[in-house]
Every structure is written in structure tokens, then in C-alpha cells.
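Student: Feature annotation from TrEMBL assigns active site, proton acceptor to 63, 132. Feature annotation from TrEMBL assigns active site, for ring-opening step to 130, 137. Annotation comment: TrEMBL describes 12-220 as domain 'Glucosamine/galactosamine-6-phosphate isomerase'.
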Ligand SMILES: O=P(O)(O)OC[C@H]1O[C@](O)(CO)[C@@H](O)[C@@H]1O
């Protein structure tokens with residue numbers, strides 16, 4: 001795992017955005033895997049103002065809440081529209097449909113779509129405090145494919161800041177599985193802020209363990225960990 005460290009959020013975001021822009025320069029019709037959450041907002045801001053050409057790119061988001069309509073302000077579809085798609089044109093953007101009547105069928109459909117594009121070239125990930133990637137909570141089998149998850153209490157609490165009331169935070173989501181994520185040809189893991197210090201240390205120093213989903217990334221051949229805003233005395 002390659003580790004790039006920055007101090008300031010702007011530099012961190014610029015580095016992340018540059019990795020995406022370089023990917024598009026090398027392969028304009030790349031399939032990009034995208035993430036939501038607070039961490040990548042700066043990256044999206046840089047991308048919005050960049051001259052990156054996304055016109056041939058296809059995007060797949062990692063996850064979506066179950067039960068929120070696409071136009072709900074806190075759906076990940078709304079997040080992505082605001083952060084990126086209203087500002088730049090991509091060829092196609094896919095996000096799981098958390099309102100599908102049959103969520104199992106939706107998960108299979110999402111997997112098939114990714115396969116049709118020959119997999120994901122570059123996947124962006126954030127890191128949950130409990131080590132989750134996408135919405136794959138601790139204990140999720142490393143062999144998981146796109147599936148429906150019960151969100152951990154700590155995840156719902158972490159994301160409550162985006163909702164008016166905690167009770168509004170959905171308790172389920174559809175997420176790409178860990179094996180789905182691991183099939184991406186390249187991965188960027190974004191970790192920013194002091195509150196991620198503990199998770200970052202566990203990632204760097206801990207064992208590969210299903211109780212800390214991000215640890216599997218040590219077994220991927222092409223991962224860049226971008227970290228910033230954390231104290232790193234041990235590295
Ligand atoms: O960047 P944040 O807001 O800390 O979130 C980290 C991770 O948690 C999630 O928001 C899910 O809770 C992911 O989408 C994200 O990658």
C-alpha cells in the first residue's frame with residue numbers, strides 16, 4: 001500500500017483529484033468507483049473546477065441508503081448530483097436503487113452492470129471509524145458482493161450530522177461488497193481528520209481481519225492511501 005501524507009485538507013483534496021484526472025488522461029473512458037461522506041467533498045470541489053474531461057467516463061457509486069428516494073436531500077444520488085454531476089458531464093452514472101421493490105435483484109443488477117463495463121478502473125474509498133469501506137460493516141465476509149446491510153449504530157450516529165434527527169438516518173443500505181471493491185484495478189483510500197486517527201493506526205498496524213473491513217486492502221496490489229489532518233508519530 002502506497003501512503004501519501006498531507007497536512008492540509010486542500011492539498012489532500014487536490015492530490016485525490018489529481019489521481020482521478022490522471023486516470024482519465026490515461027484512459028478517457030475509465031470506469032470510476034465513487035464514494036460519498038464528508039471526506040471526499042474537497043476532492044469533488046477540486047474536480048468541479050478542474051479541466052478534467054469526464055465525458056467518456058462511467059461512474060459507479062459504492063452505496064445508497066435503503067428507503068430514501070433518489071431526490072431525498074440525503075440520498076447519495078442527491079449528494080453526487082450536488083457535488084459532481086450537476087457540474088460536469090459524465091457518460092453514465094450509476095448508484096444502487098435503494099427504493100427497488102426487490103433489493104436482492106437490485107444487488108445482482110448492480111453487479112452485472114459493473115461486469116458489463118469490465119470492472120472498475122479506479123475506486124475511491126472513505127474509511128469509517130469502525131473500519132468500514134462502502135457500507136461493509138465489521139464482520140462482513142471478505143467474499144461479499146453487492147448486498148443489503150444493516151447499518152451499525154455507530155455508522156448511523158456518525159451520519160446523523162447530515163440529517164435533522166437521528167431517527168431519520170436509514171437503518172439499511174445497499175453497498176458494493178468487499179470482493180466487488182477488491183476487484184477494482186486501482187484503489188484510493190481517503191482518510192482525513194483527527195477523528196480517523198485510531199482507525200488509521202489500526203489499518204496501518206493491525207492484522208487483516210474481517211472485523212476491520214479496510215484491512216483487506218493490504219492484499220490489493222494497487223492501493224494508494226491518502227491521509228491528512230492526523231498526527232502520525234509512528235510512521
Ligand atoms: O468521510 P466520512 O464522512 O468520515 O465517511 C467515511 C465513510 O463513511 C460513509 O459515509 C458511510 O458511513 C462512507 O460513505 C464513507 O466512505
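Any Cβ shown, glycine's included, is placed from N, Cα and C.
Curation does not apply to TrEMBL; its annotations are automatic.
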Student: Restricting to the domain 'Glucosamine/galactosamine-6-phosphate isomerase' (12-220), report the mean pLDDT as a whole number.
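Tutor: Reported value for the domain 'Glucosamine/galactosamine-6-phosphate isomerase' (12-220) is a mean pLDDT of 96.
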Student: Report, in whole Å, the straight Cα-to-Cα distance of residue 63 (active site, proton acceptor) from residue 132 (active site, proton acceptor).
Tutor: 12
Student: Rounded to the nearest Å, what's the C-alpha distance separating residue 130 (active site, for ring-opening step) and residue 137 (active site, for ring-opening step)? Just drop the number here, would you?
Tutor: 8
Student: Just to verify: the residue among 63, 130, 132 with the fewest other Cβ atoms within 10 Å, which of the active-site residues is it?
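Tutor: Selected from the active-site residues 63, 130, 132 on minimum Cβ neighbours within 10 Å: 130.
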Student: Taking only the Cα atoms, work out how far residue 63 (active site, proton acceptor) lies from residue 137 (active site, for ring-opening step), in Å, as a whole number.
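Tutor: About 12 Å separates the two Cα atoms.
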Student: Give the number of CB atoms, excluding that of residue 137 (active site, for ring-opening step) itself, located within 10 Å of its CB.
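Tutor: Cβ-Cβ neighbours of residue 137 (active site, for ring-opening step) within 10 Å number 21.
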